[in-house]
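Peer 1: Heads up, here are the entries from TrEMBL:
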type     : residues                                                          : note
ACT_SITE : D:131                                                             : active site, nucleophile
BINDING  : D:24, D:46, D:47, D:128, D:166, D:218, D:244, D:245, D:266, D:267 : FMN binding site
BINDING  : D:46, D:70, D:71, D:72, D:73, D:74, D:128, D:193, D:194           : substrate binding site
DOMAIN   : D:8-287                                                           : domain 'Dihydroorotate dehydrogenase catalytic'
Ligand SMILES: Cc1cc2nc3c(=O)[nH]c(=O)nc-3n(C[C@H](O)[C@H](O)[C@H](O)COP(=O)(O)OP(=O)(O)OC[C@H]3O[C@@H](n4cnc5c(N)ncnc54)[C@H](O)[C@@H]3O)c2cc1C
Ligand SMILES: Cc1cc2nc3c(=O)[nH]c(=O)nc-3n(C[C@H](O)[C@H](O)[C@H](O)COP(=O)(O)OP(=O)(O)OC[C@H]3O[C@@H](n4cnc5c(N)ncnc54)[C@H](O)[C@@H]3O)c2cc1C
Ligand SMILES: Cc1cc2nc3c(=O)[nH]c(=O)nc-3n(C[C@H](O)[C@H](O)[C@H](O)COP(=O)(O)O)c2cc1C
Ligand SMILES: Cc1cc2nc3c(=O)[nH]c(=O)nc-3n(C[C@H](O)[C@H](O)[C@H](O)COP(=O)(O)O)c2cc1C
Ligand code: FES
Ligand code: FES
């Protein structure tokens, strides 16, 4: 982890609310793994607005580039959306724990909601390289928000999309989809990001079916370096309740450990 | 005085440090006089940086446009320099007391230092319309800063430039120039802006020679509307010391009244 | 068509048509050229002193990140001018006039209050017991609950008009000062004046304010003031007027949720002279969006869980 | 070639090679991946409590204009873990380690101080008597000069190592608290912890911080802290460590001119983890530009005119 000053190569709006950022990562010598994130600076020493960095999952990792997919919503992400190709931006990372893929894993399930697709796309990229079959359920408000699925489709065996627009994204429907998938294919591991409700759903199903599963949490982070204790969440590890830092001990956690109150 | 939202027509760098702003003033129905100023907003409701408005003298008044000449130096003026044609900006004004030209005035002297030329150019424009002969001494750090003299030259009978670069701008030299001018021409009134030292010099000379004179002060202003009392200066009016507001009672004052401690 | 929302509030017997008024010292006659005063909840001219005062040495204001420091020192033309010129000027407006009073001693507060309150067109008094003043190293009357009690109690005896007490934020325990003012008979508490502050130009090594220290205002202080409003609202029954850092309607609403019945706007007037008008409109819009019919539904409306049970330290 | 400027300062007997150190709670082991700790003046891990604590309810931090509010509530693994893991970790660095201690009672402060001070590699103690804590409605030990005196005096008796006392800014008279700490035997004063603050989400009506109130840090508070450093420096002989809102070298220099001998940097680390390194370099550059040979020339170097004579109120 370091504070890298990298050059923006491209920063484009890819749908109504989503943006796609590509930076030059040729100076990054560290290994970067799916599930990890970077804390991107969105302020300057004049305005201090917004003051804190914003964490973003790695979306795609290539030889000399890093990609992020983000939803331009509040002050920080709107600021991010103003960055132009050629501009230097400050990226602190790679931070956090990455996804782990069990040995001899053949088939995995991804369950993404909204921009949670970003981090699961990175995982899909890696799993694909390992010749793993990938089944993905992508949930979003509307089809427009699913535009970014093209990337993930390349890596996946099968992608299912559900939306509010189509009235297909309710938990009950998703539950049935997952059950069907599990019945048809022997899923070795499942991964989720982007929704508390879907995470709770997956937690129950994977527990009942003895499937290894992981979740990438999105807690509010002030430092992203494990020093401030603002990003904590409660987990139960080997029977013991613990308050852990999601920036350092996470953001990826075994799904069964996470306590969703 | 009102808070006008006007459109920038042009905003260009005219020399190393100076910028020239032209705005569409067709919505301004009030009379605007040389010596008055506008308080230009340089912040937004996100960053609040820099927080306060910045006061700028009127540089040129045309039928449907208003012009300002400013030195891009600190946060506010640098912000001003980012405004692009077509952008709406917020101008509070016109504010303050304007220059007064005595009846039957034939010849006037202008003594400007640095960007103090802006407000005196507006005065020159008006005096020229009144067929008054104008003699101007312009002082600046270097020739580059005098680039804006072209505007004033159009209105003046004669313009003298002095600079540090040429080692011609010392008070002693300027004193001799003013004395020569006064001897050669019958100067009815003198005006100055931009330098405390030159103002003090002109105060002495005009007093000794019984010449009406005015100065435009540049005190630090927080509100520019006469409500906060941050822009005060001391004057002696009819023998009585008074602390007056330069945004409302000024910025133009009879030179003999001003107390330069 | 938009439905008009009820924005009236009652400040210790003084009814105002909306909860937005200027903060003393950051408002004045000059602004009548820019906004229509009759749209405001009330009018508060700059604090007045008994005798004419020249105020502090310049520079009197400077900017800081997210705020500004001022140390005007209450430049004032004295009470005679105020009675002869200022009050008559404000009489042309149909909304309540609140007179802010600043004095050097309790006796002087009583004397001035009694004179000014006797003017029919003055609706209420605001006692500025909180002006940070270098003469006493930033000390103010409002820093002691005893002095606050005595001062307000003495003023209470000379007038029946609503007394607003403007508290200083520069105290260890604002609740005890608030309660002292309440016990002494105050009708409303203004929370609060400015935190005492200082800035130094590192190149000239001089303080940026002629008076060395001054009051910090603007967005930077809002979180401190919101906390103090919340604390005062917890213990006091009096209507609170929130003041400090309000720039937008959202800021005003935040203070009302914390416990304020009305708000005062200062620095925002300098940034945008129409700020108060925009804030009134913004509160209207918020009330429509959130289907609030009366502004009272906002006051103290912050939702907090029972901390003692929930807190798991 | 650039001439190295002497940046050493002496903090109550503890010599540090430069005046820049982290603020407790806004620094930790995780940062060793980003900066070289040996370049700092000193190391200060997060305040430690006697027993393990889970800290406060989330959300624990939120942004405000020019600042942030936090209410972590001192999540801590307790003193045993600290002795076994934290101190040994910091022993790998060659610069002084300062242990920040937070406790529930004076007795506990004394007990913890005595244990921690007895560890050879601990260079000094910082007593966090200023943590704004909801349990007591924001009350802290450091709000009373009596309690401050007793607390520091009792700790003084159990150790000869330098005692740094971190004051709270939430007081009426910081000078009297500073003097109480000085009389009780403190070696240095950290001015200051965070102003107590609050923010409310106007749409959900909930406090933005789970704990309702928290400490305000970042650029917004700097002018308040500079003022308090100046006030403490006026009355106290102790070296002051300025803390609150430092983002750049200019901010650090401003605090030193106001009277600080050293500075602590908190929030800036989150914005830019290299902030402390940049600040050290920036102070060097300033010293070169202003031809200062020793950093002492900066401390308390603000130029003020004699106010009593000059002030013309
Ligand atoms: C590990 C991690 C990975 C993430 N990956 C992505 C991603 O790949 N793409 C993406 O679009 N979003 C991602 N997010 C969420 C993203 O960080 C927030 O959307 C962003 O910070 C919002 O900033 P804002 O200024 O636009 O919104 P604000 O107006 O500041 O806030 C909008 C919402 O975002 C939350 N938020 C604000 N700041 C932070 C912060 N520092 N940390 C966490 N949440 C915050 C707020 O609590 C609020 O609910 C991730 C978050 C985490 C913790
Ligand atoms: C009536 C009047 C007319 C002016 N006319 C012109 C003009 O035509 N062209 C021009 O270039 N400049 C003019 N000035 C000066 C101009 O207002 C300042 O240069 C400008 O405000 C500096 O802002 P900044 O943010 O760039 O600098 P900062 O970094 O903020 O400050 C640089 C210097 O400008 C002064 N300054 C900052 N803010 C103000 C303020 N609100 N009021 C007054 N001084 C301030 C500071 O005291 C400091 O000395 C005028 C000033 C006044 C009072
Ligand atoms: C320039 C200026 C002058 C002020 N003068 C006074 C005053 O005379 N009396 C008073 O009670 N408060 C005075 N104040 C404080 C304001 O009334 C208000 O409490 C403070 O500015 C905080 O509100 P704001 O952040 O909205 O500005 C003054 C503030 C400013 C900025
Ligand atoms: C997230 C966070 C946690 C903090 N924890 C502590 C703490 O444990 N002990 C302490 O004395 N101060 C703590 N503080 C206060 C800082 O040490 C410092 O006093 C404050 O942040 C002001 O400095 P800054 O503006 O440079 O951040 C904390 C501050 C922050 C932002
Ligand atoms: S964000 Fe600071 S510890 Fe995780
Ligand atoms: S700038 Fe406010 S009174 Fe002149």
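Just so you know, glycine gets a Cβ as well, placed from its N, Cα and C.
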Peer 1: For chain C, give the subset of the binding-site residues D:24, D:46, D:244 whose C-beta is less than 8 angstroms from one of that chain's C-beta atoms, in sequence order, otherwise 'none'.
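Peer 2: Contact set vs C: none.
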Peer 1: Consider each pair of residues in D:46, D:70, D:71, D:72, D:73, D:74, D:128, D:193, D:194, all listed by the record as binding substrate, and report the largest Cα separation in Å as a whole number.
Peer 2: 16
Peer 1: For residue D:194 (substrate binding site) and residue D:244 (FMN binding site), what Cα-Cα distance in Å is obtained after rounding to a whole number?
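Peer 2: Counting only the Cα atoms, the answer is 7 Å.
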Peer 1: Do me a favour and check the Cα-Cα span between residue D:166 (FMN binding site) and residue D:128 (substrate binding site); whole Å is fine.
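Peer 2: On Cα coordinates alone, these residues lie 5 Å apart.
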Peer 1: Give the distance between the Cα atoms of residue D:47 (FMN binding site) and residue D:71 (substrate binding site), rounded to the nearest whole Å.
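Peer 2: Taking the Cα atoms only, residue D:47 (FMN binding site) lies 13 Å from residue D:71 (substrate binding site).
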Peer 1: What span in Å does the FMN site cover, taken as the longest CA to CA distance among D:24, D:46, D:47, D:128, D:166, D:218, D:244, D:245, D:266, D:267?
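Peer 2: Largest Cα to Cα distance for the FMN-binding set is 19 Å.
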Peer 1: Nearest by CA distance to residue D:266 (FMN binding site): which of the recorded positions is it, out of D:46, D:71, D:73, D:128, D:131?
Peer 2: D:46
Peer 1: Among the binding-site residues D:71, D:128, which residue has the largest number of other Cβ atoms within 10 Å of its own Cβ?
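Peer 2: Highest number of other Cβ atoms within 10 Å: D:71.
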Peer 1: Among the binding-site residues D:71, D:73, D:266, which have a Cβ atom lying under 6 Å from any atom of ligand 4?
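Peer 2: Close enough to ligand 4 are D:266.
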Peer 1: List the binding-site residues D:71, D:194, D:266 whose Cβ sits under 6 Å from any atom of ligand 5, in sequence order.
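Peer 2: Cβ under 6 Å from ligand 5: none.
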Peer 1: For the binding-site residues listed here (D:24, D:47, D:194), which one has the lowest count of neighbouring CB atoms within 10 Å of its own CB?
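Peer 2: Per-residue Cβ counts within 10 Å for the binding-site residues D:24, D:47, D:194 bottom out at D:47.
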Peer 1: Would you mind sorting out which of D:24, D:131, D:244 (the recorded positions) have a C-alpha within 10 A of the one on residue D:73 (substrate binding site)?
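Peer 2: Cα filter at 10 Å returns D:131.
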